[in-house]
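Visitor: What Swiss-Prot shows for this protein is this:
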- Cys190: active site, acyl-thioester intermediate (ACT_SITE)
- Arg89, Gly90, Gly91, Lys92, Ile93, Thr94, Trp95, His96, Ala159, Ile160, Gly161, Gly172, Phe173, Ala174: substrate binding site (BINDING)
- 52-229: domain 'BPL/LPL catalytic' (DOMAIN)
- Lys156: site 'Lowers pKa of active site Cys' (SITE)
Amino acid sequence: MHSNLPGYWLVYSIRVLAIECIRLAPEYLPFEEGWRMQQELHKKITESQTNKNRQASMIFCEHEPVYTAGARTRSWEMPQNEKVIRVGRGGKITWHGPGQLVGYPILSLGATPDVLRYVRQIEEGLINALQSVGINGFRIAGRSGVWVRNGVSDEKVAAIGVRVQKNVTLHGFALNCSNDLAPFEKIVPCGISDAGVTTISRILKRTITPKEILDSVFNSICSALEYINTCRGNV
């Protein structure tokens, strides 16, 4: 089975007949193109739910700079004179751009989706990936995503925003690796005003790019979701 999606891709597959695409620097992915890819994979996986073998796919990318606003974002929370795309995921406004690893797992949660459990699994995978580079990430009750401790305050290093449609997931997570934090100063990230954001590189005081941590993230996410992963394609 071949993908007709354009660009420079590394193709991963997990579980049965899964196709995953990666576009990292310098081939940044426009958010709109990534959304079309999600919709295409969502349609295929939704149709496969009635088959014996279910598909499960993940897109990895670094986006071109963009703000995305979740369903709960209010108009006054939008940054001025900036491109903002309204999306159907949960949560509020955030930023995506170069240096940030974005992952979109597209998979079936079965006939009775447990969305909270799914989010916790994604968090677990990201926490384990951070441990692989010596960072202790953790959850905060009532707040999605992955956090780290900075002195007396907590900072978010990974954001999660998902949507489940016809029992199949859309959207996903964003892990701050080596991205500039200045764009976050124009918004209240994820609607949380009493905590900051950080990056892996800032924590470790050395540059860690999305490409460098991708394998660890992929393996940890697959393990947390109880999927078997295989890899094929051009690196």
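The count begins at 1 with the first shown residue.
Using the three backbone atoms N, Cα and C, a Cβ is placed for every residue, glycine included.
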Visitor: Once the DSSP letters are reduced so that anything not helix or strand counts as coil, what is Lys156 (site 'Lowers pKa of active site Cys')?
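Guide: It is in a strand.
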Visitor: Give me the mean pLDDT over the domain 'BPL/LPL catalytic' (52-229), rounded to a whole number.
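Guide: Across the residues of the domain 'BPL/LPL catalytic' (52-229) the model's pLDDT averages 91 on the 0 to 100 scale.
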Visitor: Among all the protein chains here, how many other CB atoms are within 10 A of the CB of Ile93 (substrate binding site)?
Guide: 24
Visitor: Cβ-Cβ under 8 Å from Phe173 (substrate binding site), same chain, 6 or more residues apart: which ones?
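Guide: Phe173 (substrate binding site) has long-range Cβ partners Val102, Gly103, Ile122, Leu126, Ala158, Ala159, Ile160, Gly161.
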Visitor: Let me make sure I understand the structure: which of the recorded positions listed (Arg89, Lys156) has the fewest other Cβ atoms within 10 A of its Cβ?
Guide: Arg89
